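This structure is in structure tokens; I'll ask about it shortly.
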Amino acid sequence: MSATAATVPPAAPAGEGGPPAPPPNLTSNRRLQQTQAQVDEVVDIMRVNVDKVLERDQKLSELDDRADALQAGASQFETSAAKLKRKYWWKNLKMMIILGVICAIILIIIIVYFST
């Protein structure tokens with residue numbers, strides 16, 4: 001190697017013809033701020049999501065309570081409908097028996113009247 005080659009400053013990397021690059025400390029601070037901003041944004045989104053989940057849980061709980069009340073009402077309705085059906089079945093049976101007895105009495109009267 002020659003002595004002149006040692007005194008020549010090294011060539012600048014390709015594409016660096018513009019202003020000097022900022023110190024690495026400023027670049028890392030900027031990256032840190034960007035990362036912190038992204039973290040803050042994610043934290044805000046997660047808070048909103050947690051609030052939505054809590055609201056959804058509350059609505060589901062209310063819906064479950066309403067479903068339980070509806071189920072209880074349906075059971076009560078089914079019981080009272082069965083009692084009412086039984087009541088009218090007996091009432092209908094009594095009317096049929098009474099009608100049968102009346103027809104039998106009329107038939108007996110007709111038979112006795114025409115047989116003499």
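Here, residue 1 is simply the first one shown, and the rest follow in order.
Just so it is clear, glycine is given a Cβ too, placed from its N, Cα and C backbone atoms.
Reproduced below are the annotations present in Swiss-Prot:
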type     : residues : note
REGION   : 1-28     : region 'Disordered'
MOD_RES  : Ser2     : N-acetylserine
TOPO_DOM : 2-94     : topological domain 'Cytoplasmic'
DOMAIN   : 31-91    : domain 'v-SNARE coiled-coil homology'
REGION   : 92-116   : region 'Required for interaction with SEPT8'
TRANSMEM : 95-114   : transmembrane segment
Using DSSP, what's the helix, strand and coil tally for the domain 'v-SNARE coiled-coil homology' (31-91)?
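The breakdown for the domain 'v-SNARE coiled-coil homology' (31-91) reads 61 helix, 0 strand, 0 coil.
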Looking only at the region 'Required for interaction with SEPT8' (92-116), how are its residues distributed among DSSP helix, strand and coil?
24 helix, 0 strand, 1 coil
